[in-house]
Amino acid sequence: MAGVDFSVFFRSQSPSRMTTAQTARTEMDSSAEPAQRRIGADTAFRLFVGACALLVLVALGGLVVLMGVGGHKAFSTFGLAFSFTDVWNPVADLYGALAPLFGTIISTLIGVTIALPLAFGTAFWLTAIAPPRVAAVVGTAIQLLAAVPSIIFGMWGFFTIVPFMARHVQPFLSHNFHHVPGIRFLIHGAPFGTGLMTAGIVLAVMIAPFMTAVMRDVFAAMPAMLRESAYGLGATRWDVMWKVVVPWSRSGMIGAAVLGMGRALGETMAVTFVIGNVTAVGWSLFAPRSTVASLIALQFPESPAGSLRLSSLLALGFILMLLSFASLALARLLRGDRK
Amino acid sequence: MNAVQKSESGWRPNPRAAGRRRSDRLATALGMIAAGILVLVLASILWTLLSRGLAGLSFAALFNPMGPPGSRGGLANAIVGSLIQTAIALLIATPLGLGCGIYLSEYGENNRFASCVRFVSDVLMSVPSILVGLFVYQILVAPLGHFSAIAGSVALAILAVPIIVRTTEDMLRLVPVAMREAGAALGAARWRVTIFLCLRSAKTGVLTGILLALARVSGETAPLLFTSLGNQNWSFSLNRPMASLPVAIYQYAGASYDDWVQLAWAGALLVTLGVLAINIAVRFSARRG
């Protein structure tokens, strides 16, 4: 009986070990339950954990399918043009995804553009420049702050960044750059303080600690030998960083950047506070806009069940799902090419 | 080193080396500036949170239920609601995540289905949390016709499961095969080996995963907006809308009443302290274990 157990589950078992095991078993099992029931329990256990795995699979499948089914009405009413129309008019019952998608993509791009050099510079400072004791403290603090809930960043942006943008940055920009042709269209708008730029800054602050923590781990995972050899050849800190560490950990860094981007794409609370929530498309980075997640958060509660508006919001959710899925797939692809 | 060598052997510094040193100094300065900016900004967040949150924190804020502006309302029902909902979420997510993680590590070698589940769990980990809220709205709120605390808990559980799955699988993989063989050699059935040997020796790591999931879930707002909705009054029924701290913060922070904004900051401070405390505990236990 015991032999059956082993051959099924542990193929590496050697015959001599089996005999000792058998004796051990007969010694131990004078009062144990019959082996038949034991195999039954094993099967039940296996079925249980398999069912758990299946449930996880079903959860994501259900998420995607339900989002698609819910958005079906919007897609069938507006066709594929839904993705490229910039109206969002609940009064006329006309909806298009362009405005929120535009807001999501531009604010994410701004966020990643600001966060990436900050995170890289900080990780460089932490691994190569700072005294080890300081680096340990600051690194831990940054890792901890990566776990702060996003609503905190939203509140901070709402009470700190928005007034700062409205009182200082926007008046300064419109005063000094109002007549510069290339920049004018970017800074056009009344100084509300909310908008794509503010959302981008808040997103950058939110994802920078996360990206720094990942990059620091990636840099630290490099064999010290490589670094030391480069220093031994007379390389400066920056030489080591740029010509040894970065090429070695390129895929990990890209992974960090893309994961940060994925977080920014789907972020709701940090953005809803500071984006201004106007469904419009335009190049000005300082005018109120909206993103997919913020639009869903704000308009879902006031959309009646079965309405075209609700369906359009679910269709937006479906598109957001695809975007976040694409960013994860991109991260995997870029990381996978090392192997 | 240059000065000494120059005088002795007539060695001249290489102009390219000078250039390299210049760019090194520039990069060092830029790195320090980047780190300085990041640390300053994060310190500013903590400072704002502490100064405004402590100002709003009072006996009334902790022990009174939410109320209309100016009525000395507090956050007590939101705090209790958050605790109840995250506890139920963990009760749902822990067995599910453990089971799935066990399946992946013990039965999931070279298995199509297992690698599929692994990928799906990774996708679930990065899915925007508001979409999870929408999903649970469609399966639990719309069919039943009302918002409920249990729907909120399910939404939080969906966010917690992939974290638990990942850490459980990773930790179980670290358990040496010899341990399993020893268990089997003593005649223990496989489920016994898995639960009483593998899971027990990976206890610290698995617990860390559960705590991390708790930390992640306890600050989530977006999935609760359409599921447990929030509630101004005391409610302990799982079948009715229930208040939660993050949703209360969201409602109060945008309000134009000063006492509500103060309460929002107090709530934000409480949530952050809770999440940070869990993370610090995890770190501490990881270092000891």
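The backbone N, Cα and C atoms fix where each Cβ goes, and this holds for glycine too.
Nobody curates TrEMBL annotations by hand; they come from automatic prediction.
Some features that TrEMBL has for this protein:
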DOMAIN    B:79-282  domain 'ABC transmembrane type-1'
TRANSMEM  B:26-50  transmembrane segment
TRANSMEM  B:75-104  transmembrane segment
TRANSMEM  B:116-140  transmembrane segment
TRANSMEM  B:146-165  transmembrane segment
TRANSMEM  B:193-215  transmembrane segment
TRANSMEM  B:263-282  transmembrane segment
Let me spell it out: take the transmembrane segment (B:263-282), skip the flanking residues so only those 6+ beyond its ends count, and list any with a Cβ under 8 Å from a Cβ in it.
49-50, 52-58, 61, 73-75, 78-79, 208, 211-212, 214-215, 218-219, 245-246, 248-249, 252-253, 255
Quick one: find which recorded stretch in B:75-104, B:116-140, B:146-165 has the most Cβ pairs under 8 Å with the transmembrane segment (B:193-215).
B:75-104
What parts of the chain pack near the transmembrane segment (B:26-50), using Cβ distances under 8 Å and only residues at least 6 beyond its ends?
265, 268-269, 272
